[in-house]
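Student: TrEMBL feature annotations, pasted as is:
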type: DOMAIN; residues: 6-57; note: domain 'Flavinylation-associated cytochrome'
type: TRANSMEM; residues: 7-27; note: transmembrane segment
type: TRANSMEM; residues: 39-55; note: transmembrane segment
type: TRANSMEM; residues: 76-97; note: transmembrane segment
type: REGION; residues: 163-182; note: region 'Disordered'
type: COMPBIAS; residues: 167-182; note: compositional bias 'Polar residues'
Amino acid sequence: MKSKNLVSLSVAVVFFVLATTGLLIYFGQGTHPVEHTHAWFGILFVTAAVFHIVNNWSSITGYTKDRRTGGIRREFVIPAVIASVFAIGISADFPVFDKLANAGKNLFRGDKPKSGGPLSQVAIDSIARSTEVVFAQAYSAGDTASLATVVAKKAPIRTEAGEITSGFDQSSKPKTTDSLQTTVDRAESIDDNIIVVYGTLTSSAKPEKLFYTHVLKRKENGWQIAAIQTSYPPNARTEK
């Protein structure tokens with residue numbers, strides 16, 4: 001088995017996967033598994049590319065320099081200039097490169113300007129209610145997969161007892177016997193990417209009414225609950 005053949009084929013296979021995940025991310029379809037795969041295959045591609053360059057170093061230097069004059073070939077100057085232009089344009093965030101970077105996402109999801117004022121109250125209320133409905137249904141059904149999409153993996157959770165956890169640990173994971181009902185009292189936006197929701201909730205496991213505060217954060221594919229806090233009503237806390 002020839003090492004050059006192995007390395008070249010490895011670069012080709014890894015590049016195919018990397019190109020596929022890269023296109024998915026570019027067009028706004030990058031889920032967590034896609035982004036995770038893209039990151040790891042990026043590492044594999046760099047590793048394989050290093051071996052490929054080492055194995056073909058003499059050929060690469062031959063492509064770069066003119067053997068007769070010893071000067072640098074135009075075949076090397078052109079890609080070097082193109083790479084430099086893109087590197088400078090992207091790092092400086094020139095308008096052309098900024099539009100190109102978001103063109104794929106805008107094609108699938110529409111061109112939604114980031115500026116132009118805060119979200120309307122109607123939009124805020126709609127986002128808050130729809131997110132809370134998904135959360136309550138997933139929690140009541142014990143659907144951890146759906147919960148993982150609506151609640152951030154490391155979301156800090158402060159319970160009414162004062163306990164603080166990160167995400168749903170074994171003690172706070174929903175049980176199929178828990179039926180959760182949430183009512184949104186009000187919602188307000190901090191900016192276009194963060195909404196704070198205040199409401200009340202009742203659970204079959206805890207019949208007393210609780211107050212809750214959820215911090216919603218905009219993600220690539222929607223909104224997630226980034227932080228959770230529950231507390232007893234003031235009169236209930238006094239009685240306890």
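Using N, Cα and C of the backbone, Cβ positions are placed for all residues, glycine too.
Predicted, not measured: the structure shown is a model, and the values here were computed from it.
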Student: Taking the domain 'Flavinylation-associated cytochrome' (6-57) alone, what is its mean pLDDT?
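Tutor: That stretch averages a pLDDT of 89.
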Student: Against which stretches of its own chain does the transmembrane segment (76-97) lie, if we need a Cβ under 8 Å and a gap of at least six residues from its ends?
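Tutor: 63-64.
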Student: Give residue numbers and ranges for long-range contacts of the transmembrane segment (39-55): same chain, 6 or more residues beyond its ends, CB-CB under 8 A.
Tutor: 3-4, 7-8, 10-11, 14-15, 17-18, 21
Student: Kindly report the helix/strand/coil residue split of the domain 'Flavinylation-associated cytochrome' (6-57) according to DSSP, in that order.
Tutor: 46 helix, 0 strand, 6 coil
